[in-house]
Amino acid sequence: MTTVYYDQSVTKDALQGKKVAIIGYGSQGHAHAQNLKDNGYDVIIGIRPGCSFDKAKDDGFEVYPVDEAAKQADVIMVLLPDEIQGQVYKEEIEPNLEANNALVFAHGFNIHFGVIQPPENVDVFLVAPKGPGHLVRRTFAEGSAVPALFAVEQDPSGEARDLALSYAKGIGATRAGVLETSFKEETETDLFGEQAVLCGGTTKLVQSGFETLVEAGYQPEIAYFEVLHEMKLIVDLMYEGGMENMRYSISNTAEFGDYVSGPRIITPDVKDNMKAVLDDIQKGNFSDRFIKDNQNNFEEFHKLREEQHGHQIEAVGRELRDMMPFIKSKSIEK
């Protein structure tokens, strides 16, 4: 069992007296910046001109272009989309790094796959909250927190680990617990979870179930309720108490069907396909494909997105959600 670090575990405040630059002021950026500021740390924001620039100023921060923020800071947290981090780092951050600066990430993609290669005299570590930015901020304000992972990749200063834990405590994560990992483990497991289960696996499972019912002559609206709408109810039960809690909470009919039909859907072949997905991630095949498509203006990405937008389940869902005012609809119109 891995060690979990809590507030009382972090006795040295290695972040005190250092200037922290948060690069990016999106979902994670605003949460990290505001939590650190509320805990008394010296925080500046580095972003390009735009709406986020104005928002950060309105929130009371000193806001600078990325290169100037990097030049001023001792600790630089990069909270930009994966696909633009490499260019921003090369053009605006790297020229302004000094020995014993700390370069920090919330996801290991660009370090692990070599897109960003920091100089050897710079600390490199990761602090990755396991939740979206709005939840990181809201739970902090309520006195609780979202758990996080941390990892150290380079430690020329000898204090990267202390800095990582101090940063995690600064954003509130040690209230809930912080687990140590590596850039390799965080990156590969995160990508696998997204592709095989949370996003890719779940969406294809739901779509296939919907299509099976509709093709068999059932009403699309009924199919939507059975395979998508009720998904949240089941996931919430697992989230709150694991699979045992879910099975305890459903009917005996549903539980029996779980046992006898689940293995018919998720067969050994499906697990073999999952292993192939993991292998692609580990070998860098997925990252190469993503990076090359980014360099090609995301031609494949945009094509795939457009194909999925037109699926019948989306149109049916938009109509049904209009019937349920208790759902805060977030339909994406194009």
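Backbone N, Cα and C define each Cβ position, glycine as well.
Source: prediction; values computed, not measured.
Binding of NADP(+) is attributed by Swiss-Prot to Tyr25, Gly26, Ser27, Gln28, Arg48, Ser52, Asp82, Glu83, Ile84, Gln85, and the same site annotation extends, among Gly114, Gly131, Gly133, Gly143, to Gly133. A count of other CB atoms within 10 A of each Cβ picks out His107 as the most crowded of the recorded positions Arg48, His107. Of all the binding-site residues listed here (Asp82, Asp190, Glu194, Glu226, Glu230), it is Glu230 whose C-beta has the fewest other C-beta atoms within 10 angstroms.
Ser251 (substrate binding site) is surrounded by 8 other CB atoms, counting those within 10 A of its CB over all protein chains shown. Comparing CA positions across the binding-site residues Asp82, Ile84, Ser251, the one lying closest to Glu194 (Mg(2+) 1 binding site) turns out to be Asp82. Its own atom aside, the Cβ of Tyr25 (NADP(+) binding site) has 29 Cβ atoms within 10 angstroms in the protein chains shown.
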